[in-house]
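Working notes for the structure below.
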Amino acid sequence: MRNNTNLDTGNYGDTEVDIEWINNLAWYGKAVRNDGFICEVHPGEVSSYGIWEKVLFNKVRLHIWQYRLPNVELVILLVFVLWQVFDILFKKLGLLIPKFASMMLAGLLLNVLLTVSGDKSIIQEILFPENRIDIPGCLGTFGFMMFWFLNGVKMDVKTIFKAEAHARLTGVAAAALPITAGLVLYKFKSAESIPLKAIEYNTLLLMESLTSFSEIARLLIDLGMNHSSVGQVALSTSVVSNMVGLMFWLGMVPLGFRSLVQGVGLLVQMFFFIVIVFAVVRPIMFNVIIRRREGRPIEDKYIYGILVMVFLSCMYWDGLGQFPALGAFFLGLAIPNEPPIGSALVERLESFNFGIILPLFMSASMLRSDIRVWKDILTYYSSSNDKKFAVASLVLLIFLLKLSASMIVPYLYKMPLKDSIILSLIMSHKGIIELSFYLFSYGLELLDRDTFSILVLSILLNSLFLPMAIKFLYDPSKRFMCYQKRSLASMKITGALKTLVCIHRPDHIYSMINLLEACYQSDKSPLTCYVLHLVELQGQEVPTLIAHKVQKLGAGTGAKYSENVILSFDHFHRYVRGSIFIDTFTCITNSNHMQDDICWLALDKAVTFIILPFHRTWSFNRTSIVSDSEMIRFLNFNVLKQAPCSVGILVERHLVNKNQESKQNLKVCVIFVGGEDDMETLALAKRMARQENVTLTVLCLLAAKRSKEVTGWDQILDTVELRELVRSNDPKTLKEESSTSYLEEGILDGADTSMLLRSMAFDYDLFIVGRTCGQNHAATRGVESWCEFEELGVIGDFLASPDFPSKTSVLVVQQQRNIANN
């Protein structure tokens, strides 16, 4: 095509032809003269002239979708709506299908519409405008490059060294076995039996054997398994397998050239790029982080500079004749994946890129496939289909080899058979990475259209049916199921108590320490405390759990985040000496899955009681709210639902401080109505009452008009539940009855309860109440609808509300819910 600005139409024929030629050049930006000479105008019309165009040029004007900008907007809107419809439909049907599969189905639907409607349809003009550059396709390619770059940013190569032996060996076997078997097969089989060129065969073999870390991470997120035990192994295994496949690919590069010198030269240029990004770019990024002011976000100029480097990296690898996205991927690996740079890149780019731009690439890939080939391969066999069946057979063979290797190796390492099968299915998953490489190979004519169409079909079927199989085998409801009772009420009062304390913010530290100090501990009934500092994961995919008993302070990522937590609890440990054992952990994880890490640690450590901070934090004088985190509230709800033991939520507004040297007693009030949660609160309070300077009052609310006060536990035996609790413990170990009071109050409705608690508001330092305290009881009649925070229960919510006259702290307790029936 050539540019020509000569608009002299005197030699072009009659007037009608001249007018048509001028109109085509003016509106379409392209016209063909009678002598075959092509004229173009750049840039073409970007957008319409609005209503004036319709009035003045009604017959010769363009349709709205024929302009460049409206065309791009219309294609983006069309693709977005279609893939969102598929995604929502799958969710409504209860199918956990990955989002990119919905994007592929959107492209498939457009392909079918094109095939049915023909070449002159409106959908054809929208998706493939005549005489235009494929701008939506260019945008999709940009999204695809950014997807590879962000995958590199989120990948932590250090996971390879942290992975356990069975994860490493599984990752190596999952990649090496199919590649080795495929190379041996190709060497000993004749050309007639494998009707594929060497370049086609090697491309299929490598990409089908490869397991992409980013694909596995995305699949686990979609399935909600990235924090499960199988998901953790799969993430570590996929990183190893990804690197093994990459090494195989680098080793096969020289073999693609007739001259070994050319192949080695290309390999040197690749390694030169890798050395530059890790030896030059990475130190520069760390220097930028060091120079940044503490607490300030990364400046925009550095983000723009990184984006420029992404384009330059892709151009460099494209100049080498290799897959351009690998340049963006290696650059992403060199970018520190921690805040502030890595997290800023992911936060700013990922959502828009994955939701808007990348679907254009997925749809373009599906539009390039020939759906008639799918019919041929699925219906009948003929000699003309030899190559198609060879491709399909090779894909199936590699899938089975990969499935077997990923299942046998972990099973030999004593992983349960069901988990081994789930892991093998996860490792056999295919998605965007493989599709993008096949599209690149198809663009270079390394693959013909039939082969490309079959490979696209295999990826689509893989992404639809493998998640269904995984979902069928994996039951998340049993992840934290406990086969033993882990509650305070089921323990002996002198038994060792194991607690898990969760910390989000620095102001949670001392409230938790004060509560632990108030709990009874002695050499005969020690207290074991596991402290979990929860840090939101930013800029990477792999969650991390760090045990600080193993890792020394000051070494590694966890100590950097948790130094205040570690030092504070170490000081507390030295203060109480031998009566308490403390083990500190840092969990760096996604906020939506923090509950999984809490419950896994509680299950692994056989914890009896989890203590969570309330999502609201008050000022130093306890009069105003300084923070209100919905994320922490959502977390507390989920922990209450799936915890394998009892759970407590501490609403800390008054300093709960029971100091051994203090002469002032800590006054604790337990509100008792009846039920499992109330029995749990009483069991905890009895442990606290064994302290010399803790005074306990048990307030029993009855649906009757009588009240009396006595000293000791005799009156508590009047109810069956209380009698069973006291008899389950050793009465000889109980403290003298003089420090324990029992009070009964007759209650007509919730208004009576409110007046009673208001009258006692300033008499105690800590209220302990069951989450279901008063549920379906006269004590809460008429006030259930006033409850603002369901996780605290009706009475707990009233005690923690701003309308309650005193700022006394409240501990809301829920007894163990998830226990298996033997």
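Backbone N, Cα and C define each Cβ position, glycine as well.
Taken straight from TrEMBL:
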{"type": "TRANSMEM", "residues": "67-86", "note": "transmembrane segment"}
{"type": "DOMAIN", "residues": "80-473", "note": "domain 'Cation/H+ exchanger transmembrane'"}
{"type": "TRANSMEM", "residues": "93-113", "note": "transmembrane segment"}
{"type": "TRANSMEM", "residues": "133-153", "note": "transmembrane segment"}
{"type": "TRANSMEM", "residues": "233-252", "note": "transmembrane segment"}
{"type": "TRANSMEM", "residues": "264-290", "note": "transmembrane segment"}
{"type": "TRANSMEM", "residues": "302-331", "note": "transmembrane segment"}
{"type": "TRANSMEM", "residues": "389-409", "note": "transmembrane segment"}
{"type": "TRANSMEM", "residues": "421-440", "note": "transmembrane segment"}
{"type": "TRANSMEM", "residues": "452-474", "note": "transmembrane segment"}
{"type": "DOMAIN", "residues": "527-665", "note": "domain 'Cation/H(+) antiporter central'"}
{"type": "DOMAIN", "residues": "666-816", "note": "domain 'Cation/H(+) antiporter C-terminal'"}
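Remote same-chain partners of the transmembrane segment (67-86), defined as residues 6 or more beyond its termini with a Cβ less than 8 Å from a stretch Cβ, comprise 44-48, 99, 102-103, 105-107, 109-110, 126-127, 129, 132, 135-136, 139, 355-356, 359-360, 362-363. Stretch with the largest number of CB pairs closer than 8 A to the transmembrane segment (93-113), among 264-290, 302-331, 389-409, 421-440, 452-474: 452-474.
At the 8 Å Cβ cutoff, the transmembrane segment (302-331) and the transmembrane segment (452-474) share fewer than 3 close pairs (sequence separation 6 or more) and do not count as touching. Here the transmembrane segment (389-409) lies next to the transmembrane segment (452-474) in space: the count of CB pairs under 8 Å, restricted to residues six or more apart, reaches at least 3. Note on the transmembrane segment (133-153): residues 68, 71-72, 75-76, 212-214, 310-311, 314, 324-326, 328-335, 337, 342, 345-346, 349-350, 353-354, 356-364, 432-433, 436, 539-540 of its chain, located 6 or more positions outside it, place their CB under 8 angstroms from a CB of the stretch. Over the domain 'Cation/H(+) antiporter C-terminal' (666-816) the predicted model carries a mean pLDDT of 75.
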